[in-house]
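So the structure is just underneath, and the comments pick up after that.
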Amino acid sequence: MSWMFKRDPVWKYLQTVQYGVHGNFPRLSYPTFFPRFEFQDVIPPDDFLTSDEEVDSVLFGSLRGHVVGLRYYTGVVNNNEMVALQRDPNNPYDKNAIKVNNVNGNQVGHLKKELAGALAYIMDNKLAQIEGVVPFGANNAFTMPLHMTFWGKEENRKAVSDQLKKHGFKLGPAPKTLGFNLESGWGSGRAGPSYSMPVHAAVQMTTEQLKTEFDKLFEDLKEDDKTHEMEPAEAIETPLLPHQKQALAWMVSRENSKELPPFWEQRNDLYYNTITNFSEKDRPENVHGGILADDMGLGKTLTAIAVILTNFHDGRPLPIERVKKNLLKKEYNVNDDSMKLGGNNTSEKADGLSKDASRCSEQPSISDIKEKSKFRMSELSSSRPKRRKTAVQYIESSDSEEIETSELPQKMKGKLKNVQSETKGRAKAGSSKVIEDVAFACALTSSVPTTKKKMLKKGACAVEGSKKTDVEERPRTTLIICPLSVLSNWIDQFGQHIKSDVHLNFYVYYGPDRIREPALLSKQDIVLTTYNILTHDYGTKGDSPLHSIRWLRVILDEGHAIRNPNAQQTKAVLDLESERRWVLTGTPIQNSLKDLWSLLSFLKLKPFIDREWWHRTIQRPVTMGDEGGLRRLQSLIKNITLRRTKTSKIKGKPVLELPERKVFIQHITLSDEERKIYQSVKNEGRATIGRYFNEGTVLAHYADVLGLLLRLRQICCHTYLLTNAVSSNGPSGNDTPEELRKKLIRKMKLILSSGSDEECAICLDSLTVPVITHCAHVFCKPCICQVIQNEQPHAKCPLCRNDIHEDNLLECPPEELARDSEKKSDMEWTSSSKINALMHALTDLRKKNPNIKSLVVSQFTTFLSLIEIPLKASGFVFTRLDGSMAQKKRVESIQCFQNTEAGSPTIMLLSLKAGGVGLNLSAASRVFLMDPAWNPAAEDQCFDRCHRLGQKQEVIITKFIVKDSVEENMLKIQNKKRELAAGAFGTKKPNADEMKQAKINEIRTLIDL
């Protein structure tokens, strides 16, 4: 039998639907006939240092100099205070001028002209990071001494030394002191930095000690005074569990706190920062917020909703209106094709649903909508989100993130009127366009009841006003920012947990016609939006409405999304104005300690708003194994973070009494034909890579190594996945420009068309506009362009350190990927050893208990498409969730799967990447992992989607691993990663040579060299 990938109109998704985290570069959604790929973890992300992290990992030495011009500037410093050096190239008197600033950014003075002449070249070419401390003489009138340390990459040491020699300066040995007192905690009675402490007295901790300390880092959070419980506001209907009451009490106390921030203390009339020794007269702003880092599945969303309703101003609950029960609610008849409020008028069934599952897509419903405003946006969504079993859905359309709303499967008790035609009928003359955002907002917040009949007050009118909100009014609105994938979950959670007669002004800021009036948005109780919308508005000309408002509270869901400080998304978040700030994340540190800085900067924790002070006082000392740095980190984390895991105990009982989770490995033996193909590809690849080892060029050919590993992993799943089109021969010096281009494009197609979850080694996120360098490494275009810009004029590849140039970056034309996919679409389908094992397990499970639901997970989305065929043939009802699906289809798929009625899907085909964020799939109690991931944390995140709050059955996970294959070797690497995970943030970062050697050893392990 022949088969094809054919689901939606081909070019519907080839568009700039979402903006990635890098500003104006769009994240493309490729046509659905492209091989399905969502990139993650082909390269283990922990193994690579980004350019800014690597830049100051080696201490070159120290230099004494002087700060002059003190009488001309208002900035002051204390003895032993850290200062920052800043280039001032536009200085009219000296193009080499270098400012000396205190922690507040106020200029204290400048370097003497001769010294500035030597250092300007080093700073401009980013050869070293130069850091200063004023050891004494802070009260001098004209000049003060400055002790400077030089940090950089080992390869730049000689260039720095030569530049200084040219100007008559010479670096001294590593200083006898570090410029901060390791014994000084942030609550001590003396200033932090002190030159009295010899550097050799610093305690260098072993990897094992650091691992133990990091294990304790979050454990200690459970043992202190965060055990007080608090009942939520009366408007909350769902009873809180004890750990949620504790979190509520802690969050309310943080929001109302009058304490000084960590590392600050008052001495007479001054406020001292004890780690930089900076002081000022103005009291530093309190940190009204923190990080709620509870494990996934412990109900952080409900806790956040409780905080919003419980703690408004002056410790009082949010003032709310009650809806009278005798209000009449109109219900109208909906014609079959009446509900298309935005996007394309398609009537297709859910992407990936089998025929039997189509019952999940019934007629959508929406309540009556009235226009009451003179604004083009007719009405804010000003009623409580409706309690429902189903979620609002969205569809991506051709020119922007347009939205379609509908209800999912339910037996409709009433009938609704054709909203579209009615809206048109009432619209002003000359405005016949349906206003999607009006219908969308109201659809989110009012719909036909699914259980009880509930009376909803129809909304407040939009009030005309100026763009600026009244500065004298105390802010009212909470802004919630989340990934698109969990937008519908927030709406559902508000509907589920708030009492039926409570009226909230709730607006979903999303879609092409969203209200952009700050005066109107600031009148809401809650505004909900996505990171992409926030970033898009931030990058457009004119003021972003969300940045024109001072919010009462900003909540970041999946807050680790801002971990990349260079991303436009992070900058957009950090620029928001708010009284209170919260980060919700189960993984505050994902890859390294540097992930924390953006979160601390978002919380406005002075002096860490400036990355330099975080790096100098905590990040670098901790990563170099310094005990004092670790102690500061522990104090900081303990102050601003609350974390409980599923194994945490409250009053002797587990926080969450979940059923047991068991993991089994089922070994698969390849058939003779599969083994023959596997061995042939392996032998050919080993010969080529062995030659690279002998020549010492293995990392220069890293794309070839990745290609071989991908092909071996694909054969383990299904030989159909094998990509033969790519030659393993790397670029040679004899290639013409056109031959080189073709070879590089072929290499990139190998990675992109594999259906794997590839990540960029710079930002550790999914590839955004992938490009390949002449040294055959694939990165996000905005990421690698930023590296090139930062390292001008001598930019080097972050992976192999070869020279790279922006002009030589190559993008893969989408039509080439399409052609490759079309060539394969008519092939005959055959099974594989893994598919046989899966089908045997599923069939056996159905015989024992036909109601048990299963997740079938793979990184290769093309493999999921292959699995669909035997599932259909065997009569299984299944649905699918992967990153290529529009949000509407995703929500529909999840709701169908979570439905417990007879005939609902018992299997979900899930891509590993799509299963990693914010989903609740607790209906499933069986997981079949078809192929191992490089990063075990990615697997664990996926497993947590079903092993979470609401799970009533024992969860059994089966990993299919092919015997005598690259998959068994991947398990060895996974185990190493698990062992290092707890201590990874505290262990000393490897230098470039150590990192390369570790990578080489890993390659040897994987291909048995």
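Using N, Cα and C of the backbone, Cβ positions are placed for all residues, glycine too.
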Segment assigned the feature region 'Disordered' in Swiss-Prot (from 336-365, 396-425): 336-365
SUMO2 cross-link: annotated position in Swiss-Prot, out of LYS211, LYS454, LYS848: LYS211
Candidate set TYR19, TYR195, TYR272, TYR332, residue annotated phosphotyrosine in Swiss-Prot: TYR195
Feature motif 'DEGH box' in Swiss-Prot, mapped to one of the ranges 557-560, 577-580, 673-676: 557-560
Within the predicted model, mean pLDDT of the region 'Interaction with SP1 and SP3' (925-1009): 78
